[in-house]
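Look at TrEMBL and you will find B:LEU10, B:GLY11, B:LEU12, B:GLY13, B:THR14, B:VAL15, B:GLY16, B:SER17 tagged as NADP(+) binding site. According to TrEMBL, the feature NADPH binding site maps to B:LYS107. Residues annotated as L-homoserine binding site in TrEMBL: B:GLU192. Residues or ranges marked as active site, proton donor by TrEMBL: B:LYS207. What TrEMBL records for B:352-426 is domain 'ACT'.
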Number of protein chains: 2
Amino acid sequence: MKDKLKIGLLGLGTVGSGVPTILKEHQEKIAQVTGMEIVIAKALVRDEDEKKRQAEKFDIQLTTDIDEIINDDEIKIIVELIGKVEPARTFITKALENGKHIVTANKDLLAQHGSELVALAQKNHCDLYYEASVAGGIPILRTIANSLAADNIQKVLGIVNGTTNYMLTQMVTAKKSYEQALKEAQELGFAESNPTNDVDGIDAAYKMVILSQFAFGMNISLDQVDTHGIRGLSLDDVEMAAHLGYEVKLIGSSEYNNGSIAVEVGPMLVAKTHPIASVRNEFNAVFLESSGVGESMYYGPGAGAKPTATSVVSDLITIAKNIRLGTTGHMFNSYSHDTEITEDKNINGKYYFSIEVPDKHGQILRLTQIMTEADVSFEQLVQQKSDGTRARIVAITHTITKEQMKRVASEIKKADGFKLLTIFKVLEDK
Amino acid sequence: MKDKLKIGLLGLGTVGSGVPTILKEHQEKIAQVTGMEIVIAKALVRDEDEKKRQAEKFDIQLTTDIDEIINDDEIKIIVELIGKVEPARTFITKALENGKHIVTANKDLLAQHGSELVALAQKNHCDLYYEASVAGGIPILRTIANSLAADNIQKVLGIVNGTTNYMLTQMVTAKKSYEQALKEAQELGFAESNPTNDVDGIDAAYKMVILSQFAFGMNISLDQVDTHGIRGLSLDDVEMAAHLGYEVKLIGSSEYNNGSIAVEVGPMLVAKTHPIASVRNEFNAVFLESSGVGESMYYGPGAGAKPTATSVVSDLITIAKNIRLGTTGHMFNSYSHDTEITEDKNINGKYYFSIEVPDKHGQILRLTQIMTEADVSFEQLVQQKSDGTRARIVAITHTITKEQMKRVASEIKKADGFKLLTIFKVLEDK
């Protein structure tokens, strides 16, 4: 008989019930690598009756009272899968104060209160792992913390929101409109009925905050991420991008530049030959540029009950090993660095501008004048067919600073008859 | 002042001198995560004069006598980068017996004598890490051992030889012949003057032996890998594959089937939509199918001094942490399972046959008869233009067993006037 390691589970929803499933399916292998049998002893639910069948199936005791789990001395680890900030933050805080190790998939919480919880875990010599909080089934945090500890990361590009990547893939490959693609994502259960967090890039921004902590050791706040979503993205831009050799992707990027980082989330034009351009549908991928390894990419499912539960269980195994070796209480990510945000004048990039103009002569000249005054030149310029009164000009610039981009944008907005439709960053394949 | 952790380095070639470079470049970060300063104290070289400049640059003491390193009590870890089986095997054996921890990138050695060395490391409570032995800069072994411990892997597909992937990319994209592509790879330093290990698939087979240990816990020998190379691959097949919607890739595959595994290396037709098809040039990738995560892929450089040295240093960091925590002596891969090889009759796949036939009526009928007798049917069939005396027929079968494939192959070889040119396995995107 192996020793039993008892777990308290907060939340028995889709991912929550995946955890006992994975533990049961891989019982033998887990016992072999940890020397212990990991069992879910109790689960916190809102309604005991509703979850009765699952509880019986996995022999889990249900409770609606968090204290019954937090004050149970036999429970060593708590897995939090209820999501959002409250009451998760209060529960985890209490649990850490009671010396429980924590596994969570809660990106909202980690992105906003990560440092506070990490410090509390340290103080109480507890483990706090959250691999599943970024890119579900992809072990990207552990890879950065362990395998790239000997490397200097320069850039992290992530497709870290499966819902929007699914929508964009449908828009690109099946020429569906934004509205159609969203409706379909909702029908398939990828998008919630209120899709704000996904389509406005907030979910991706949470993940970029966590990735930036691991890649650069910097603690940034959500408002330091320049966040744009895909809400209302026009099929025109998607088709124009394809025509110019790019795919539109919602990219989270975190880039190191001389002691500071720039973190952005937004629709970007990705060259079709770039490895991240071929990531389709609900899949996620994180692409890294580092001085040692060079280019690497980690690809897999970004969400889903089984991948997320698998990731949670891999954290449980890590803690189980630490308990057995007496090495708990070390930080998941021990790399830290002063936090500095790059100024716009030091952020470089190529940008795609889409502008609606009056359908008469001289518009390209006017645009060129605006650009020239900001010392910006074009790499590609396309004037599209018009409806007789309005036309559309699309321009991709050479590499400029973000400050220049903003200056041009502001001048275009002021220009009589010009309407700035979109600005996307452009990512080339090296 | 941080404690110093002294390392002995065997080999100061391209990768060897990458190690002190990486250690120096990331000194601060490494000290932060390990609490120690890792320094190369001594290096074993064949000719001290030849390496004098590097030794001075990094303040390394040179020696031509292995005992000066192995018997140095101050040296805790030995990094072996001389490659091939002997004398590396003897050196590592002696070092383990003297209680030294080992980091090596030696795939030949690990694939052939891995179990013996792992057992010896266990006996002497030493760490033995070899992340760099498979897919250079991609931390695939650590990912399987740590992050996928809670998962059941069903299939591993790897592009694990950069030289042949470079050659195939050149053949596909630039229509170069096998000979031209090989010459170019040699000029670029990707292929050695004797390219046998690369082009005959032996290097990839070594890596599949190691990957199979990690993914399935099984210890297979090199002769249990059904190994085919790309030597003499014809541009006709590469072009025909493209025409049918596939890319020809040298794929190592290890597939689990009901308690046993089938391990193969060979040129395969990979559907263009499969994530592994877009891996170009010298890049490597390992694609996994598992019951928990589903599909995942790890992509990066397969070789090169910096990526490999970065991987070696990440192993050094792992051991440094273990030394500090007093947790050395645990196996890199602790998953083990009885080794069983799948019989041909239980291996399923679609196969591409390319056959030269006399240019006269009735050839397709003859081929169909052979196939029908083995209960094999076609999914695609193409008869190519002939030179007047000989024609070529290309067929892709429906899913059949490897036993059926071999039966058909043997009948085609016996058939009067038929010449079997190639048989490739076909990988579809799910």
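Just so you know, glycine gets a Cβ as well, placed from its N, Cα and C.
Of the recorded residues, B:LYS107 (NADPH binding site) and B:THR14 (NADP(+) binding site) place their C-alpha atoms 17 Å from one another. Ranked by how many other Cβ atoms sit within 10 Å of their Cβ, the binding-site residues B:GLY13, B:GLY16 place B:GLY13 at the bottom. Residue counts for the domain 'ACT' (B:352-426) under DSSP, helix first, then strand, then coil, are 24 helix, 32 strand, 19 coil. B:VAL15 (NADP(+) binding site) sits 18 Å from B:LYS207 (active site, proton donor), taking the CA atoms of both as reference points.
The Cβ centroid of B:LEU10, B:GLY11, B:LEU12, B:GLY13, B:THR14, B:VAL15, B:GLY16, B:SER17 marks the NADP(+) site; residues of that chain outside this set whose Cβ lies within 8 Å of it are B:LEU9, B:GLY18, B:VAL19, B:ALA43, B:LEU81, B:ILE82, given in sequence order. In sequence order, B:GLN54, B:PHE58, B:ALA305 constitute the residues six or more apart from B:SER17 (NADP(+) binding site) in its chain with CB-CB distances below 8 Å.
For B:LYS207 (active site, proton donor), other Cβ atoms within 10 Å of its Cβ number 26. Looking at B:THR14 (NADP(+) binding site) and B:LYS207 (active site, proton donor), their Cα atoms lie 21 Å from each other. The Cβ of B:LEU12 (NADP(+) binding site) has B:ALA43, B:LEU44, B:VAL45, B:LYS51, B:GLN54, B:ALA55, B:ILE60, B:LEU62 as same-chain neighbours under 8 Å, each 6 or more residues away in sequence. Most buried of the binding-site residues B:LEU10, B:VAL15, judged by other Cβ atoms within 10 Å, is B:LEU10. Under DSSP, B:GLU192 (L-homoserine binding site) is assigned to coil, being neither helix nor strand in the three-state scheme.
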